[in-house]
């Protein structure tokens, strides 16, 4: 037998393994891992604030599993509904569905299975947690993806209800009720999203226009979009103050988060004076990066400050 004949099965196996690897990568990409990670972090933050260091680690694990599966399901089904429009945008046309690497029937089944598993976990933890997960899932798929994303400039604002659910889910998994803390966490994420997403939309406005998405910068113009960002970021200031006023965090969180919010607000406001397209694109890129890092730092501060307060309480009780 020749060397080529002996190596043929090896080449076949390598090719088969590559195909499996590529399919796995596509299945992961359909869940939009970046969105899932960010929402998991927000859910963790809400859980930690409610726990005040008295952490039920098993509850935390199952809450994160349920939240991640539910979010992944929503993202997969979002990909399913957007598959035709994705062919019109440069950044999305190479996804698995537009290119035909995975069939739509498989994707919708995949999304449904993930959703059923995630919601089953959340309902098993606590009925209220499950209903919140279902509400977020419904708003993202039905209200945002199927309805508003294709028909209204309000898609980003109203769709933000879904994006604001993860920290509330984490919080309610501990408390079992929706109180002031849950509403403040909801407000934090709800108000953060429009300026974050519109910064990206301004940079890619022509792509969204070509795809037929009636986003605010496409329909009302970039200047109008910049102006509408301002009140959302401004309202984050009293939201941060409320976290302190209700004693969920201490003065360190208040001062540092307050300063960060003011910095982001000032930068958002300066966008109104970016007169040329080049300056606007540069401003939008920086504003988008600020928004991502703002949320990360605020939740890290929230977690750290809650832990610090709990540590001080334990220390005081031991040595008083």
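Every residue, even glycine, has its Cβ placed from backbone N, Cα and C.
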7-31, 57-81 - the range that TrEMBL marks as transmembrane segment: 57-81
Are the transmembrane segment (154-174) and the transmembrane segment (286-304) close enough that 3 or more Cβ pairs fall under 8 Å, when only pairs 6 or more apart in sequence count? no
Ranking 34-51, 102-125, 154-174, 252-274 by the number of C-beta pairs under 8 Å to the transmembrane segment (57-81), which range is first? 102-125
Look at every Cβ pair spanning the transmembrane segment (102-125) and the transmembrane segment (34-51), keep those 6 or more apart in sequence, and say whether at least 3 of them are under 8 Å. no
Honestly, do the transmembrane segment (34-51) and the transmembrane segment (229-246) touch, with at least three Cβ pairs under 8 Å and pairs 6 or more apart in sequence? no
Is the transmembrane segment (131-147) packed against any residues at least 6 beyond its ends, judged by a Cβ distance under 8 Å, and which are they? 66-67, 70-71, 73-74, 77-78, 81-82, 115, 118-119, 122-123, 155, 158-159, 161-163, 165-166, 168-169, 172
